[in-house]
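These notes are about the structure you will find just below.
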Amino acid sequence: MTTLDGLKLGERARIVEISGDDGIAIRLMEMGLIDGEEIELLGFAPLGDPIEFELRGYRLSLRKNEARRVSIEPLPQA
Amino acid sequence: MAAPVPASSPPPTPAKETRSFNVALIGNPNTGKSTLFNLLCGMQSRVGNFPGVTVEKKIGHVNWQGQQFHIIDLPGTYSLSPRTLDEMVSVDVLLGRQKDVGHPDAVVCIVDASNLERNLYLVSQVLDMQLPVVVVLNMCDVALARGTTIDATELSQRLGVPVVKAEAHRAVGIDDVRNAIAAAAKSSPVEARKKVFPEEFYSECDQLATHLTAGGAADVPEFLIQRMILDPGGCVEAEYTKKCGNNLPQALTECRERLKSAGQAVPAIEARQRYAWIREVLAGIHTRPTTRSVTFSDKLDRLLTHKFIGVGIFIALMFVVFQAIYAWAGPFMEIIESAQGWLADLVALTLAPGPLRSLINDGVIAGVGGVIVFLPQIVFLFLFIAILEDCGYMARAAFLMDRLMTKVGLSGKSFVPLMSSFACAIPGVMATRVIENRRDRMVTILVAPLMSCSARLPVYILLIAAFIPAVTLFQVGPELSIGGFVLWSGQVTLPGVVLLGMSSLGAVIAVPVAWILKKTMFRGETPPFIMELPSYKWPSPRIVFYRVYDRAKAFVMRAGTLIFATTIIVWAAGYFPGDHTAQHKLETQIEALDDTPENEAQLEQLVDRHNAVSAQLIETSFLGRVGHAIEPAVKPLGWDWRIGVGAVASFPAREVIISTLGTIYSMGGDVDEESEGLKESLQQARWPDGRNVYNVPVALSIMVFFALCAQCGATLMVIRRETNSWFWPVFTFVYMTALAYVAALLVYQVGMRYF
């Protein structure tokens, strides 16, 4: 299974699951990362981390560490 | 017996309802919550800390329709699932459990209309608290420009609460918000709304309530029972584990197991159910552009977060900000200084030399002026920060710098506060409020005073000018200048290198300090970096003004009062005990003489005698005695008692060293870092055995000490206020002083072997 940190620039994916039940997992879900939701990778910070995403019409940045918690199913590019 | 009522008096009015209302303001970060708060309350807010936590509490008192309203501004939050004590504060306020605030009569939920889906998550949680709610749909203009449409009337119907459209940025719709708040606060208790969760969940809640009652914790608010189940390891669970006698953690685990087997696994259930509810509420009344159009903000972002261009722009921007702070603040600082001089002269004209005049001039005017003179720099720094914050760049700065900062054990969000600390640690410490993670915030606060602030600069300049030979190390390119203003002299000189080294020393030392703090006092997993990047917008002059005014006021009030008090103490310690009759007599004589050529010789003689008397007085004063007492401690650093006194006197504020040294070296206190006389006096100072007091290692040891020591009472007071504890300022003071002492000792002892 791929995770969110494996996504490439401009790629879209559908969220499958968020692993764990700690505070970080809860925060990710609160921010709208729910199974079935679509997410797009918009860009990377200069040193490759954090990563900028788009979901639910807003922009969210996550570190690779957090992105690794989100398993995804890549979508064909529009 | 009642007094007779005069016929002309107005008829007695019926007893008016004098009850006041509490209104809590809550919302996601970056939704314009603080802007709305400022618009509702004007400048009548009172800032304080909630007990025991680091968050700031803002309460505004306003009068609408003849009734008093207390508006409580809660910290921006994405949800009400308290995992830290700071987050628990918002929950406690909303539930009326915060004693000093009282029960809220209404909650205003401010949401970003352009990001409605995620913002309604918090609204959904607030609605569960069964309080009268007003939803403010803010940034409607931004939403409209992006092609988002919302049917507010229908939304209000579906939510069952009033929904008010507003553009707080432009002060549009504020009257409607005010009316809706007043109506909501006076409304009768609200009915329970349609339930978000499946029935299984509520029956588990009932079961848990029974368990809690049996364990001795009766009457737990429904909302907290829900939170106990939904937030494994959260604050509410921890609180009631202590209060409840019959093994709450086990009951909770069993309860979550049952929910899991019913297909409602915690914690995913909450987000899933709430977002499903949001979809339902917004169905058909909210449209979002299906294809993401590339906005101006996107194009700008492509540049500003670019690998090379973005970093280049960032460095250039920071450079311009700091250059501008120095350049623009200069004239204002001169005005303040000359006003100070003019005031002191005025006092000298009206008061004869004596203790009172000395207190007013050397204590009060010098003390208050010493603080106020930094105000222009601080205002300009705040101005830049407020503009960058309001246009949305600060979030990008954090995004850009995160990777670099994590190597030190901090996060991208620590970057801006630390950068601000280069001008002054006070706004820097205050700027750490943007860091929501307590551990990151505390470490940032504790290393912020190490950044080389502008008050250290005079010390470096004086000592470098006196002791570091002005040799050119090497030539790098030709001289560059624009209209006589030299941008780059083409030379790398030793004084320049030393100045750069001193200015960056603290930042370099901060790296291991932060690392050690993270490994010892603030252990635990690295907090996540989950941050929304808001879209760029034009900064609003109104908001920028409010922010600058707010912070400048806080600086003047708190920093000012402290430096004011300590300067007077230092003044008194340097003035008493001692017979100042001779000194004052000399002062009178000097002032009586006209500054004409024929008087020159006599004047010079009088000034010399005056300086000698002053030096004698300061040596026998309390301050001088302290200096001699601490001489054994400072001798290993290569310092004599005079430098020791200077360092001790500088603990409230490091700038004091210049005037203290000036006073001690028979120059009177009236010298500055550019004074040739003070520079020469330092070069000529001798130990009793005739050796020079100052040499290069001594100068370096003093500078290193000043670079690392916590000689700033105002910063320590701000740390106390921001952490709401006396422990942290004491800790900062102790670790920095120890660090400064050891580093100065090393520099002198190693340096003496080579010079």
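Numbering starts at 1 and runs along the chain as displayed.
Cβ coordinates come from backbone N, Cα and C, glycine included.
Feature list (source: TrEMBL):
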{"type": "BINDING", "residues": "B:27-34, B:52-56, B:73-76, B:138-141", "note": "GTP binding site"}
{"type": "BINDING", "residues": "B:ASN38, B:GLY42", "note": "Mg(2+) binding site"}
{"type": "DOMAIN", "residues": "B:20-187", "note": "domain 'FeoB-type G'"}
{"type": "TRANSMEM", "residues": "B:308-329", "note": "transmembrane segment"}
{"type": "TRANSMEM", "residues": "B:364-388", "note": "transmembrane segment"}
{"type": "TRANSMEM", "residues": "B:415-436", "note": "transmembrane segment"}
{"type": "TRANSMEM", "residues": "B:457-477", "note": "transmembrane segment"}
{"type": "TRANSMEM", "residues": "B:497-517", "note": "transmembrane segment"}
{"type": "TRANSMEM", "residues": "B:555-576", "note": "transmembrane segment"}
{"type": "TRANSMEM", "residues": "B:698-719", "note": "transmembrane segment"}
{"type": "TRANSMEM", "residues": "B:726-748", "note": "transmembrane segment"}
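Sequence features annotated in TrEMBL and their locations in the structure.
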residue: B:GLY27; record: GTP binding site; DSSP (3 states): strand
residue: B:LYS33; record: GTP binding site; DSSP (3 states): helix
residue: B:ASN38; record: Mg(2+) binding site; DSSP (3 states): helix
residue: B:PRO75; record: GTP binding site; DSSP (3 states): coil
residue: B:MET139; record: GTP binding site; DSSP (3 states): coil
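Considering only the binding-site residues B:GLY27, B:ASN30, B:LYS33, B:PRO75, B:MET139, the residue whose Cα is spatially closest to the Cα of B:GLY42 (Mg(2+) binding site) is B:LYS33. Distance noted between the C-alpha atoms of B:GLY27 (GTP binding site) and B:ASN38 (Mg(2+) binding site) is 15 Å. Of all the binding-site residues listed here (B:GLY27, B:PRO75), the one with the fewest other CB atoms within 10 A of its own CB is B:PRO75. Proximity of distant same-chain residues to the transmembrane segment (B:364-388), defined by a Cβ-Cβ separation under 8 Å and at least 6 residues beyond the stretch ends, is recorded for 321, 324-326, 328-329, 332-333, 336-337, 340, 343-344, 347, 394, 397, 416, 420, 423-424, 426-427, 431, 454-455, 539, 543-544, 547-548, 551-552, 555-556, 559-560, 563-564, 566-568, 571, 653, 655-656, 659, 669, 714. Taken together, the residues in the domain 'FeoB-type G' (B:20-187) have a mean pLDDT of 87 on the 0 to 100 scale. Outside the transmembrane segment (B:698-719), and at least 6 residues removed from its termini, the chain residues within Cβ reach (under 8 Å) are 371, 425-426, 429-430, 445-446, 448-450, 452-453, 455-456, 459-460, 463-464, 466-468, 498, 502, 505-506, 509, 558-559, 562-563, 566, 637-639, 643, 647, 650-654, 657, 728-729, 732-733, 736-737, 739-741, 743-745, 747-748, 751. Look at the Cβ of each of the binding-site residues B:ASN30, B:ASN38, B:GLY42, B:MET139 and count the other Cβ atoms within 10 Å; the largest number goes with B:MET139. Proximity of distant same-chain residues to the transmembrane segment (B:457-477), defined by a Cβ-Cβ separation under 8 Å and at least 6 residues beyond the stretch ends, is recorded for 488, 490-495, 497-499, 502-503, 654-655, 657-658, 672-674, 678-679, 682-683, 694-696, 698-699, 702-703, 706. The local packing around B:LYS33 (GTP binding site), expressed as other Cβ atoms within 10 Å of its Cβ over all shown chains, amounts to 26.
For the transmembrane segment (B:497-517), same-chain residues at least 6 beyond its ends with a Cβ under 8 Å from one of its own Cβ atoms are 408-410, 418, 442-443, 446-447, 450-452, 456-457, 460-461, 464, 468, 473, 700, 703-704, 707-708, 735, 739, 743. Between the CA atoms of B:PRO75 (GTP binding site) and B:ASN38 (Mg(2+) binding site) there is a gap of 14 Å. Cα-Cα distance from B:MET139 (GTP binding site) to B:ASN38 (Mg(2+) binding site): 16 Å (rounded to the nearest whole number). Calculated from their C-alpha atoms, the gap between B:ASN30 (GTP binding site) and B:ASN38 (Mg(2+) binding site) amounts to 15 Å.
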